[in-house]
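Accompanying notes for the structure given below.
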Amino acid sequence: MLKALANSFKLYNSYSQTKEPFSSVEPGSDLARIYVCGVTPYDTSHIGHALTALTFDILHRYLEYLGYQVKHVQNLTDIDDDIIKRANRDGVNWNDLARQWDEIYRNSLAAINCLPFDNYIPATTKIPEIIEMVKGLIERGAAYEAKDGNIYFRAASFKNYGALSHLNPEELLEKARAAAVDSLVDYPENDAKESVLDFVLWQAARPGEPRWDSPWGEGRPGWHIECSAIGLNQFGAQFEIHGGGADLLFPHHSSEIAQSESYTGQHPFVKYWVHIGMVHLGGDKMSKSLGNLVLVRDVIKNHRPDALRLYLLSIHYREPLHYEESGVVIAEGWLAQLEKALAVESETANEQLHPTEWQQRFFAAMNDDLDTPITIETILDLAQTILAKAHTIGVVKAQAALKEMLSILGLFLVEN
Ligand SMILES: [Zn+2]
């Protein structure tokens, strides 16, 4: 492992709201387990999805560069209210709809050079694990069967429920209400629940809906329990990194913490919570519900995938991104500059341009919570310097350094 470099890598943890030195859960281990909340596959390949996947791809690549053994897992929410609603609206089978959009999603990620996940797990393949966890939560008094036949998590049983979100009780309630638009049983005013913030773990089958057998009759899992069960199944009770879009802080990730820690009795479930800023278009959040989506496959019809990648990396991952196509056009210019700098041949090799200064800037930025905007400034500055000096000084060393930085950023440019 690149010890000195690895020792100074800091990652922002949404739970503590600070940048923390990164290390494995087990002292001395080189394991870096990353669990990312995947998509609900319909309309799922817009810039927001790409930005989340790309951020974790950069984290994956950089941790690997530092010498960590990275295990990158993502789930696929291939059953939930949204898919059923959309399938009914369009008169198609829910499973066909999910598979079709999942393929588009995965093709979009591959198109912008995101590494494949080590494991990619559809929720419908882990129903026994989910049922096991729900059973365990009932046994521990953290969940109950309500009069509507659903199983709910008892939010009051978990101290500090919602702490990850840093919201006050009124804000939690407001968020819970907004989230319940997708899952009506979670609505705070649902009087089958003991308390307003309780959320569904297992939902009794309704006519015409997909269903699985369970100790509580036929039904299907809630969304939050899916990730707790898959995380436990893949990584055990505690692991390094978990994340997704910033809109998952509450209720999804807060509920995962409550479920997982109530079930395993171990704290913390996750060492670093990583959340990605939201993508906006024309002043509104880019979202399926508003329908203001820019799909990756459309952007890369007109632009090189590397340009989209560079553009998305030019804004820090925790900042909101206001998508503008002109940004991708500018990034095309950066790409051209980088290509020229990699191709230029110096007229002399007597003296070399030393890249140390740029390397230091690049790695200091990566170590500062993946500050990719600074890394891009740095590579562009190095490229410019190479082009300006190639006629008076050797640039082979500087070109090799530039290539290494571009490879950490995952550009196709340096893969051929
Ligand atoms: Zn999740």
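Any Cβ shown, glycine's included, is placed from N, Cα and C.
According to TrEMBL, the Zn(2+) binding site annotation covers CYS37, CYS227, HIS252, GLU256. CYS227 (Zn(2+) binding site) counts 27 other C-beta atoms within 10 Å of its own C-beta, drawing on all protein chains shown.
The ATP binding site annotation in TrEMBL covers LYS288. Residue density at LYS288 (ATP binding site): 16 other Cβ atoms are found within 10 A of its Cβ, drawing on all protein chains shown.
As annotated by TrEMBL, domain 'tRNA synthetases class I catalytic' applies to 32-328.
The motif ''HIGH' region' (39-49): residue composition by secondary structure is 3 helix, 1 strand, 7 coil, according to DSSP. The motif ''HIGH' region' annotation in TrEMBL covers 39-49.
If one looks beyond the motif ''KMSKS' region' (285-289) by at least 6 residues along the same chain, the residues whose Cβ comes under 8 Å of a Cβ in the stretch are 42-44, 46-48, 82, 278-279, 323. Residues annotated as motif ''KMSKS' region' in TrEMBL: 285-289.
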Which binding-site residues from the list CYS37, CYS227, LYS288 come close to ligand 1, meaning a Cβ under 6 Å from one of its atoms? CYS37, CYS227
Within 10 Å of the Cβ of GLU256 (Zn(2+) binding site), how many other Cβ atoms can you find? Include all protein chains, please. 26
Rounded to a whole number of Å, the separation of the Cα atoms of HIS252 (Zn(2+) binding site) and LYS288 (ATP binding site) comes to 18
For the recorded Zn(2+) site, enumerate neighbouring residues of the same chain (Cβ within 8 Å of the Cβ centroid of CYS37, CYS227, HIS252, GLU256, site residues themselves excluded), in sequence order. TRP223, HIS224, GLU226, SER228, HIS242, GLY244, LEU248, HIS253, SER255
Which one is it: of the binding-site residues CYS37, CYS227, GLU256, whose Cα lies the shortest distance from the Cα of LYS288 (ATP binding site)? CYS37
